[in-house]
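Student: Pulled these from TrEMBL:
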COILED    84-117  coiled coil
DOMAIN    159-303  domain 'SGF29 C-terminal'
REGION    300-339  region 'Disordered'
COMPBIAS  306-323  compositional bias 'Low complexity'
Amino acid sequence: MYKLEKRIKLEQDDNIENANKKIDDLHHTLHTSICHINSLHNMSKLGLQDLEEARTEFKKNFAKEKTVTPSMKEDVGEKTRISIEETEAEITAIRNALDVIQNIRALQEERKLLSNEPRNTRRGVLMAQLQEAAKCTPLWIGGPNDCKPPLCGALPAAAKHEIVVGSKVAAKVDGAGENEPPNWILAKFVSYDSANMCTVEDIDAVDLTKAKISLNRKRVLPLPQWRANPSEDGDALHSEGSTVMALYPQTTCFYKGVVASIPEGPSDNYIVLFEDATYPNGMSPPMQVAQKYILAFDNKPDKNPSAATASTSKKGSSKSGSKAKSKKDMATSKGKRKR
């Protein structure tokens, strides 16, 4: 599990040099962790071999003597206890190493925000990066007595969840026109600004001077932090037939859809039918969407319709989700969202 409370993060006065230093330190920690894991693995492997030999000898003696002596029971019991402890130590070390990897990725995203360098990513590359990010979302693997954490699969965030700087979120922004409804876009979380406001960055903005948007906190939703394993944690998945907000393929906008089928394996995607009036039955063909980019459908009306404003200029900062242009046309064009 990603230990958020132990995460190393950038401070307000940190610069690129400090960010690089923290990332390098974590790389060193990861290298040390991997060496430790290798040592523990060799130890547990030998322990299991000793246990198997003891069990084999136990079976032979029982077959011959038709009895179980206290020394035989004690020997097998002790070696079983040792093997369990060594295996648990190896599992803990692996989990800690995975936590370090997640921390490195989070710091790298924070460093990108700190550098404030102009993005020069082609749309095809951006789409590939989003899919890769979905694949790299850690799979929740809990112990026998572990409860699934918030934001595992379809589970909601905790009541006082704090979004990590640099992480991707779903942000509800105003439509480009006065009569156009708000839209849910994929954005990067930048900062908490006050008790009720925060700043996000549109990851697909054309005009980078208007990429950062100030929003009411209620208009920003964290994405799942862990993938749920269907065979172990199926109750943490959206059920078939449920209404969701999902990232339309080859775009950076979330749209209303219905889950047609859930993932069969931990690396599989949902199959979603999107609402789309341009199709005869009002629904799109089945489309694959990763666990990372599916949220429970937001049907709460806006109490404050003007809760989203660009940090420099509101006009032209938000993306239009107007259905005058179909989603399938938007997905195939270079610029999915109308500006």
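Glycine residues also receive a Cβ, built from the backbone N, Cα and C atoms like all the rest.
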Student: Kindly state the mean pLDDT of the domain 'SGF29 C-terminal' (159-303) in the predicted structure.
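Tutor: Mean pLDDT across the domain 'SGF29 C-terminal' (159-303) comes out at 91.
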Student: When the domain 'SGF29 C-terminal' (159-303) is classified with DSSP, how many of its residues are helical, how many are strand and how many are coil?
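Tutor: Residue counts in helix, strand and coil order: 16 helix, 59 strand, 70 coil.
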